[in-house]
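Colleague: The structure follows.
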Amino acid sequence: MTPSNEPGKQDQIPQPGPTIPNQYSFLWLSAAIFLMFLWLQGNNQQQQQELAYSEFKQAVISGQVAEVTLRTEEISGSFTDSGASRFANDSRPPSSSFITLRPQVEDPELLPLLERQEVLVRGSRSGRPWWQELILGFLPWILLLALMFWFWGAAQKRMTQGGGPFDYGKSRARRARRETSTTTLDDVAGIESAKRDISEIIDFLKSPDKYRRLGAVMPKGVLLVGPPGTGKTLLARAIAGEAEVPFFSISASEFIEMFVGVGAARVRDMFQTARKEAPALIFIDELDAVGRSRGAGLGGGHDEREQTLNQILTEMDGFEAHENVLVLAATNRPDVLDTALLRPGRFDRKITLDRPHREAREAILKVHVRKVPLAADVDLTQVAARTTGFSGADLKNLVNEAALTAARDNLVEVNNHCFEVAHDRLILGEERDAQLTPEEREAVAYHECGHAIMAYYMPKADPLTKITIIPHGMAMGVTEQTPKEDKYNYTESYLEDRIKVMLGGRSAEKIIYGEVSTGAQNDLKEATKLLRRMVGQWGMSEKIGPLGLGIGEEHVFLGREMGAPREYSEKLAEMIDSEIQSQLLAFEAFTVSFLTEHRQELDALARAVMKRETLSAGEITEVLEEARSRETA
């Protein structure tokens, strides 16, 4: 079956060939007039030898002038065959014609001289023809005034109806065509519930009668919500490849332009275009760029972004039931969106795309390795287990980094080692050369082993994956832990053990050297931040009590107010600070005491790390078990 015979494919209707936009017609006309002006100038300034008046008379006396044309201010004429080359030089190219200026004092001997030499004498009106004088005199002013009126009219048109010579008011929405789209729903994995919702909406657009018979009404809008990299835009691209209806896509930032009113004009134009081709889909990416809550204190009702938002609200609320135009939008900041956007009747349905769980990560990896030759030792289940917290975009980047590693090593297949190297590069950072002194290297080893001992023995801590003292990124060494399974709720005991692991490096330095270094700076920062949230946000302190004060939240600009007000007193703030300090000191004391009791394991593990630089989970267990057996012997 040929594409032209397939039903429902409106996007395959032949399109007319390219035409010159009407707004450029005036520019082409102006260019043509300018070229004609240059041609007229050129015709009046043909190549002629310029002679001094005395040279002209000498040429006449020598019989080298064939004819002349007398004018008020100049004399032009032509040479005989012998005279054309007499006056030629480097600055005067040879020419059969000449021109000379007449002196202001009349020469009574000129005409008798010309008659004696039998030179043909012609008379001529002075200056150019009248029509040339008229054109050359008025043409520059005509062009200038025409350009001024053109730009003035264009600006008025932009302000009133969104048009203009440069299409400022035209929508920047791009129409996706099925035959050019390379992404389908088969390329989207790990978000099956979202795919079902989207498939239902596409089916509604293609077969609305099936739903209308049951009294169902199509949603006006669908909002895709989720962290960056979870597949919102990918899902939209897949819809463009699957839908048998016109699909228009645009980024919300493309509505805003340097001219006032352009954003609202582009919104109107986009919806008008979609209505003409209904049923249709409109996809707006990064909706929060124009959909932030109004009245944020940055600009009033004249704010261009607010005008654009108001126009979107009007267009969506103005839909009729029979229009069959659906708005699909994506954002990773639903908290900043205006409440008018989120009410029923505009974005009726919200689809949440979260970071994938283990099975979903494995499904996503299988999609991304379709074109990647894998070695037999690659186990995608293990790769998925090790990539807790990775988004779909992170997993795609992981596969690509593994393929780059294999190509760098001149391998024909991507093996498990390539995935390990890629994982370390993404999580730990690129390996770098750092010239550490033996003392610094030993200090880094004890620091990382302090983390490792606490992670190994704390019952709620995440299992160890590796220890390395090879510098990665900005870190001199890394102790890596991987959760056994995805976590969605964190218990108080788990968080306490996590803080103890963070303080293990600093405590090990204090035990071995009697002082601490700056290497624990980030550990202290993260431990304090976590404990502040436990005390002030999650109510995990008996002294403060079950109060959710929002302390520790990362207050970003929410679009509604410049900063969150503090909902507790100065006295309570002092109590919270005191509680955080006392708990950190207690955790540090416990960690120092625990590592002191396991000093032999700490020394053995540090020696092994300094010798091998990197230890896997199995090697760590082997070293610690051997040290413990020697201690009990």
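Counting starts with 1 at the first residue shown.
Glycine residues also receive a Cβ, built from the backbone N, Cα and C atoms like all the rest.
When I checked Swiss-Prot for this same protein, it listed these features:
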- 1-19: topological domain 'Cytoplasmic' (TOPO_DOM)
- 20-40: transmembrane segment (TRANSMEM)
- 41-133: topological domain 'Periplasmic' (TOPO_DOM)
- 134-154: transmembrane segment (TRANSMEM)
- 155-633: topological domain 'Cytoplasmic' (TOPO_DOM)
- GLY226, PRO227, PRO228, GLY229, THR230, GLY231, LYS232, THR233: ATP binding site (BINDING)
- HIS447, HIS451, ASP523: Zn(2+) binding site (BINDING)
- GLU448: active site (ACT_SITE)
Colleague: Would you kindly give the Cα-Cα distance separating ASP523 (Zn(2+) binding site) and GLY226 (ATP binding site), rounded to the nearest Å?
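Modeller: Per the Cα atoms, GLY226 (ATP binding site) and ASP523 (Zn(2+) binding site) stand 29 Å apart.
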Colleague: With an 8 Å cut-off on Cβ-Cβ distance and a minimum sequence separation of at least 6, pull the same-chain contacts of GLY229 (ATP binding site), or say none.
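Modeller: Listed in sequence order, they are SER391, GLY392, ALA393, ASP394.
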Colleague: Report, as a single number, how many Cβ atoms besides its own are within 10 Å of the Cβ of THR233 (ATP binding site).
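Modeller: For THR233 (ATP binding site), the count of other Cβ atoms within 10 Å is 19.
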Colleague: Using C-alpha atoms, which one of the recorded positions HIS447, GLU448, HIS451, ASP523 comes nearest to LYS232 (ATP binding site)?
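Modeller: For LYS232 (ATP binding site), the closest Cα among HIS447, GLU448, HIS451, ASP523 is found at ASP523.
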Colleague: How many neighbouring Cβ atoms, not counting its own, are there within 10 Å of the Cβ of GLU448 (active site)?
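Modeller: Its Cβ has 27 other Cβ atoms within 10 Å.
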Colleague: Report, in whole Å, the straight Cα-to-Cα distance of THR230 (ATP binding site) from HIS451 (Zn(2+) binding site).
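Modeller: On Cα coordinates alone, these residues lie 32 Å apart.
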Colleague: Please give me the CB contact count at 10 A for GLY231 (ATP binding site), counting all chains in the structure.
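Modeller: The Cβ of GLY231 (ATP binding site) has 26 Cβ neighbours within 10 Å.
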Colleague: Quick one: Cα separation, PRO228 (ATP binding site) versus ASP523 (Zn(2+) binding site), in Å?
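Modeller: Each residue's Cα considered, PRO228 (ATP binding site) and ASP523 (Zn(2+) binding site) end up 26 Å apart.
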Colleague: Using Cα coordinates, what distance in whole Å links PRO227 (ATP binding site) and ASP523 (Zn(2+) binding site)?
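Modeller: Here the two Cα atoms are 26 Å apart.
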Colleague: Other residues near the Zn(2+) site, CB within 8 A of the CB centroid of HIS447, HIS451, ASP523?
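Modeller: Here the nearby residues are GLU448, GLY450, THR479, MET502, LEU503, GLY504, GLY505, ARG506, ALA508, GLY519, ALA520.
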Colleague: Over the topological domain 'Cytoplasmic' (1-19), what is the model's mean pLDDT?
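Modeller: Residues in the topological domain 'Cytoplasmic' (1-19) carry a mean pLDDT of 39 in this prediction.
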